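Record features (Swiss-Prot):
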- Asp11, Lys33, 60-69, Thr120, Arg181, Gln190, 210-211: substrate binding site (BINDING)
- Lys62: active site, proton donor (ACT_SITE)
Amino acid sequence: MIDQKVIVALDYDNQADALAFVDRIDPASCRLKVGKEMFTLFGPDFVRELHKRGFSVFLDLKFHDIPNTCSKAVRAAAELGVWMVNVHASGGERMMTASREILEPYGKDRPLLIGVTVLTSMEQSDLAGIGLDVAPQEHVIRLATLTKNSGLDGVVCSAQESSLLKNELGKEFKLVTPGIRPLGSEQGDQRRIMTPLEAVQAGSDYLVIGRPITQAVDPAAVLQAINTSLTK
């Protein structure tokens with residue numbers, strides 16, 4: 001099976017609507033991302049429903065806590081059978097290392113463990129507001145390096161940082177990129193954006209795309225077009 005690069009970000013407050021959308025797309029064409037709102041509303045059973053339909057799930061809960069608590073949450077995600085789970089890199093090396101170590105018993109069945117660097121909505125002024133006098137890109141590199149040194153599989157980063165991070169941290173280090181907008185779609189609330197092909201060419205391994213697919217008249221066709229554009 002080809003490694004699907006597209007991760008569709010589900011963003012629904014109604015489970016029936018979410019599953020109606022999911023039933024219109026093919027698990028061979030993408031993976032699915034479940035975030036905080038949906039997981040809080042619908043719980044682990046919703047993830048199990050997606051698994052029953054054949055989808056791989058990225059559980060996007062961005063855990064950030066003391067090492068013991070964070071690692072146990074990561075283990076719970078592994079027990080749920082998700083394909084990918086993430087933690088905030090700003091939680092530090094001990095937190096990330098504990099989270100990685102708790103997954104070791106799962107072997108090749110363990111989820112990918114990804115660090116979150118700087119949220120794509122954040123600009124330099126936002127970082128300054130929390131006491132960080134640093135450019136977003138510089139802080140991303142710092143946190144991504146810490147993530148790699150902690151033994152995690154990769155980071156979430158904007159497409160603009162992909163090329164730099166691939167060069168700095170190596171090809172095996174996975175880059176998961178939100179803020180992706182196919183040509184012709186609205187920018188939305190993500191500040192640092194790029195098209196799917198541009199992002200992959202820059203070094204992104206996985207592309208998180210939401211509304212351009214979930215709000216499309218024919219989401220399967222949009223997915224097919226994106227996947228086709230990536231094979232050129």
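Cβ coordinates come from backbone N, Cα and C, glycine included.
Taking the features listed in Swiss-Prot, we show where each one sits on the structure.
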{"residue": "Asp11", "record": "substrate binding site", "DSSP (3 states)": "coil"}
{"residue": "Leu61", "record": "substrate binding site", "DSSP (3 states)": "strand"}
{"residue": "Pro67", "record": "substrate binding site", "DSSP (3 states)": "helix"}
{"residue": "Thr120", "record": "substrate binding site", "DSSP (3 states)": "coil"}
{"residue": "Gly210", "record": "substrate binding site", "DSSP (3 states)": "coil"}
In angstrom units, rounded to an integer, how far apart are the Cα atoms of Lys62 (active site, proton donor) and Thr120 (substrate binding site)? 14
Please list, in sequence order, the residues in the chain of Gly210 (substrate binding site) that are at least six apart in sequence and whose C-beta is under 8 Å away from its C-beta. Val8, Ala9, Leu10, Asp11
How many neighbouring Cβ atoms, not counting its own, are there within 10 Å of the Cβ of Asp11 (substrate binding site)? 16
Among Pro67, Thr120, the one of these binding-site residues whose Cβ has the fewest neighbouring Cβ atoms within 10 Å: Pro67
